[in-house]
Amino acid sequence: MHDLTLAAARKALRSRSLSSVELTDHFLSAIEKHDGQINAYITVTPEPARKAARAADALLAEGDAPALCGLPLGVKDLFCTSGTKTTAASNILRDFVPPYESTVTSNLLADGAIFLGKTNLDEFAMGSTNMTSAFGPVTNPWRRAGSDAKLVPGGSSGGSAAAVAAGLALGTTGTDTGGSIRQPAAYCGITGVKPTYGRCSRYGTIAFASSLDQAGPMARTLEDCAILLESMAGFDPRDSTSVDRPVPRYEDALERGAKGLRVGIPREYRTDTLPEEIAALWDEGIAWLRDAGAEIVDVSLPHTKYGLPTYYIAALAEASSNLARYDGVRFGARVEADTLDELYEATRHAGFGEEVRRRILMGTYVLSSGYYDAYYLRAQKVRTLIQRDFLSAFETVDVLLTPTAPSAAFAHEERPTDPVQIYLNDIFTVPASMAGVPALSLPAGLDRSGLPLGLQLIGRYFEEETLFAAGRVMEKAAGFTHRPALHAGAVA
Amino acid sequence: MREELNGILGWVDQLNEVDVTDVPPMIGTGLAMPRQREDVVTDGDKREAILSNAPDRVGPYFTVPKVVE
Amino acid sequence: MSSYRIEGNTGAWEIVVGLEVHAQVISHAKLFSGASAEYGGEPNTHVSLVDAGFPGMLPVVNRECVAQAVRTGLGLNAEIHLMSRFDRKNYFYADLPQGYQISQFAHPIVGEGKVEIELADGTTRHIGVTRLHLEQDAGKSMHDQDPLRSFIDLNRAGVALMEIVSEPDIRSPEEAGAYLRKLRQILRYLGTCDGNMEEGSMRADVNVSVRKAGEAYRTRCEIKNVNSIRYVMQAIEIEAQRQIEIWEAGGTVDQETRLFDHVRGETRSLRSKEDAHDYRYFPDPDLLPLVIERDWVEDLRAALPELPEAKRTRLEQTYGISRYESGVLTVEQGIADFFEQVARDADARLAVNWMLGDFFGALNRTGATIETSPVSAEGLRELLGLISDSTINGKIAKEVLEDMFESGESASAIVERKGLRQVTDTGAIESEIRTILQTHADKLAEYKSGKDKLFGFFVGQTMKAMKGKANPAAVNDLLKKLLSE
């Protein structure tokens, strides 16, 4: 049962060869047994999950079940869930119980999904290692061959990625601001999709950087992601940046093939420091698509190298403002003090971790008077140039193929101390976020030490279907069936 | 932390190389259509929900340390 | 140009004033949420999760608030910007839930306009409007309920405000008062703000500096949140005096924010420029640029009500009334409407005289407003009709009007009830006159010997005998005839 994909589980539920209660119990006990070693979940909600599973079974018995009826999922603890603690992995929201449901999770619930609990992440989604969580780091279920070193799952959706990889959920929700779905998906050997900005509503999702944040699915396969995205996506009048377009049946695009597809290979992504085995895997991916009838085109995205600094200025500026609301007055933790200013200072110092405080400081600095033009405004202009790079590339190609990350997962203690070095993990994922175009990561192979590596496909605005079609060709060619060391099945 | 911040600032200074003459700042993807809500009261009257997470409250109010004006 | 000057020890000083008026927009819901914008309400009930700044909550702009800003811009003869933008103004305060105020800093919805003001001496001036932008109001802190804590009520948080910024064109307290009254009048005509300064739905920040004639501007101070027109005028005078004293003593005025204390009649420092917030404005990434259609603006323009100036001119032309009278009648739209109902197809001169005289007098005496007046326009119109058709005379009409205010009855009902119908029966008047002439034979003799002014005495006696109900013209005619017999 642990090795079921979401699609297979859905089939089994529909044919009544499996009940949602059985499936849900299986995952709850797997979490209980194995999550101690992984820490993928911040909160597990067994009782509501079992209750929902019983209701789902009743619906399934009637034969009129909605799309995701009875399928157990994990929810990144950045999506507000009504009546269930939502922490953003921060001490400042340690006991926060939202009286409202995010649009994305509402959509999933309306389609009958079962929530097992809330998955771990970098505090306020700020990080690419999942080591900044106030609820402890997440451990990647994968191990290097012959090593017990604990590896990072990537971030910020590290708990969501690890939960899927370890068989602790059929699928999970993630959010991606600069690579927070794709990079952990690559590190954990799973599939993750960051849709076009505006495809999934941001209503009820705790904001990191509003102009970049985008929710998306994380699961074992592209088919699973297609099923989840169809439910998560959609227009929401409560989000002014939501785009009013019909949601296609992504599943129907999966088997379209890659014949005639023009695949761009951006030359700027082939950096001097790119490890040989990642470059080789990238070439392999190119070959898979070429063999399927795609035309491979060399393209240039000249402003690629400016993506990361631009991203950090824009994201941190927005974050510094978005996180101003955590002041200990209306919700969240509070440190009592004699004056209002002291209350703010003490509350925010105690409530936010070091990385969050560092980013708020940076963001405050780049917006401050006298620096706004030099930093924030300039970054938004460079962002326009990055967007133009993509738009002009997409005049000649249909998708872009790149590696997802410049390395495989690294060990907790190998985490660089220089923040800039950590930020470099996002170098391949950030540009698509800056432009708002959709992108996905799929597991394509293992490195020398047996760790998964991902490849990234980037598409035109709202052409997620093309990504699913091209990705499916690669998924079949890669035949990635490897499982991590810590896996609900293997560890049992 | 000051040193790290200076490091980050030094790193982002590379943006100065980019010629941004006549380039407008990016504001959104340009895909969402401007939208406005109707002037109808659809929300409110949920004081308990609003106050349910308050770290300190007195009756119907949030509180802060006394502000002297 | 105003000749207002303050005499100092070193000569005459001119004052330079600019006003930033915060006007609460009339709308059902708040600027970015569906919570009620209505004033009052139990604490924290007119609050949505958006207004309280809960995690993940997002703003969506209210179309009517945008329309109100456009209407106001049109009413101020200002340019309407089809594309504007909302920025975040970042600062921490107890009643600012998001930690920032959504406002329009770099790109306001309304650009330059102007307001014509009229001064007591009848002269007019134009005061430039720099801009008008939309922004959120903050919540309310209460400091007097608890010894250690301030209480926070977010009912006002997120209500739409228009900030209307004037050019530093104002040169006297009188001009400031005239500008505020005119602005309030326009807002009320447009129905975009109720202009109620007591409830705080209109507040002013006052920028004051002084200079010698012909000089460039000197340093200004901003007096925050003054909540009545009278206080604005007082504050300007007091602040100007303070600055003049500093300059004349050889000091320099510091740019700072000050508070006006009307009880102590002084302004005092709130914070200096060095302590000023760095608001770190940047475009709100939760909102798209605010784009409006030219056609929509034109539709709003076409549907604008008649504004005070146009109405004045029209009333003058239609009813032949004076500039002064049109001014009084258009102070409020309700008064002008009332007047036009009274004067329609009637004696306009009679209507003006009665409205400005006895009717306003009665309103004042009873503490009523034009909206709450116990006497309707139709009622007053009926009363004036009774004068015009000689059913009653003017003197009796005054009595009837007073009765109308008290009893709420119609003019004709009161005339009937009290038997006040005017006597035009010449026979009855003549017999009364003959009796009077007999009773006052001595006065009659004096009159005949040339004491003409006794004519008035006989009119008075006749009217008294007729209990005031005699037709004055008939009394005159008959007296003349009988006295010359």
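Residue positions begin at 1 at the first shown residue.
Cβ from N, Cα, C; glycine included.
Since the structure is predicted, the reported quantities are computational estimates derived from the model, not experimental observations.
The active site, charge relay system annotation in TrEMBL covers A:K76 (among others). In sequence order, A:K118, A:T119, A:L121, A:S157, A:G159, A:S160, A:T172, A:T173, A:G174, A:T175 constitute the residues six or more apart from A:K76 (active site, charge relay system) in its chain with CB-CB distances below 8 Å. For the recorded site, A:K76 (active site, charge relay system), the DSSP three-state label reads strand.
A sphere of 10 angstroms centred on the C-beta of A:S156 (active site, charge relay system) encloses 35 other C-beta atoms. As annotated by TrEMBL, active site, charge relay system applies to A:S156 (among others).
Taking a C-beta cut-off of under 8 Å and a sequence gap of six or more, A:S180 (active site, acyl-ester intermediate) has these contacts in its own chain: A:L121, A:D122, A:A125, A:S128, A:G155, A:S156, A:S157, A:G174. Positions annotated as active site, acyl-ester intermediate by TrEMBL: A:S180.
The domain 'Amidase' feature in TrEMBL is assigned to A:22-467.
Per-residue pLDDT, averaged over the domain 'Amidase' (A:22-467), rounds to 96.
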